[in-house]
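Student: Sharing a structure, written as structure tokens. Questions coming.
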């Protein structure tokens with residue numbers, strides 16, 4: 001199994017495209033992470049919108065550059081709104097990304113996410129346990145936490161990518177991005193990133209935005225993982241713990257965009 005690495009030049013090119021196109025991202029995400037997700041997108045140069053009412057969600061999915069479905073705080077009314085948005089995104093050819101939060105631990109959201117797969121997401125982003133559960137390989141995970149190493153989920157990610165046509169991202173100490181054939185590994189980041197709520201969910205929003213960019217979608221998505229890990233490393237070097245990490249992280253994302261424009 002060959003795992004390719006992303007070059008700095010590829011990452012910088014993708015970030016230049018990101019800043020140039022400034023995708024409008026329709027984030028149907030969980031209640032815990034909305035502000036952090038929006039600020040992450042803004043720091044990188046995208047435009048976030050959190051539209052959740054069923055009628056509006058369907059309408060906005062046709063307007064947005066990309067759609068994110070994150071099931072972290074799933075309810076039946078929210079599931080209805082998400083389904084409507086995904087159906088409209090499919091009709092409008094709006095790329096959409098699925099973040100199957102805790103899908104391995106809870107039956108209702110697992111069934112819902114499996115139903116959504118029939119609408120062919122452009123990308124799927126989850127931890128190892130979530131990706132393996134969604135692929136039907138195993139049930140597991142401790143709520144939103146993974147109990148598996150990311151590398152162990154590569155075969156499941158490849159299967160899921162081939163079955164759905166999505167680019168699948170497995171995040172962990174090393175992130176892996178695959179279209180079912182190619183695999184790109186992204187190293188970096190810091191364990192402190194797991195002590196802040198929302199870093200993975202925010203990454204999913206950035207992945208969604210990258211699906212709207214021209215060029216090689218797999219490389220663009222792998223670049224999103226690289227930016228987040230880079231920013232995490234810079235933020236950890238300047239912070240004293242989780243509380244001071246967040247503002248330094250947002251600053252680091254912003255600085256990355258300024259560097260590629262220089």
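Note: Cβ is positioned from N, Cα and C throughout, glycine not excepted.
Annotated substrate binding site per Swiss-Prot: 50, 198, in sequence order, evidence recorded as sequence analysis. The ATP binding site feature in Swiss-Prot is assigned to 125, 171; the stated evidence is sequence analysis.
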Student: Can you give me the same-chain residues 6 or more apart in sequence from residue 171 (ATP binding site) with a CB-CB distance under 8 Å?
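Tutor: Correct list: 125, 126, 127, 150, 200, 203, 225.
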Student: Excluding near sequence neighbours, so keeping only residues 6 or more apart in the same chain, what lies with its CB under 8 A of residue 50 (substrate binding site)?
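Tutor: Listed in sequence order: 27, 28, 29, 34, 38.
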Student: Taking only same-chain residues 6+ apart in sequence, whose CB is under 8 Å from that of residue 198 (substrate binding site), what do you get?
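Tutor: Non-local contacts for residue 198 (substrate binding site): 32, 33, 36, 37.
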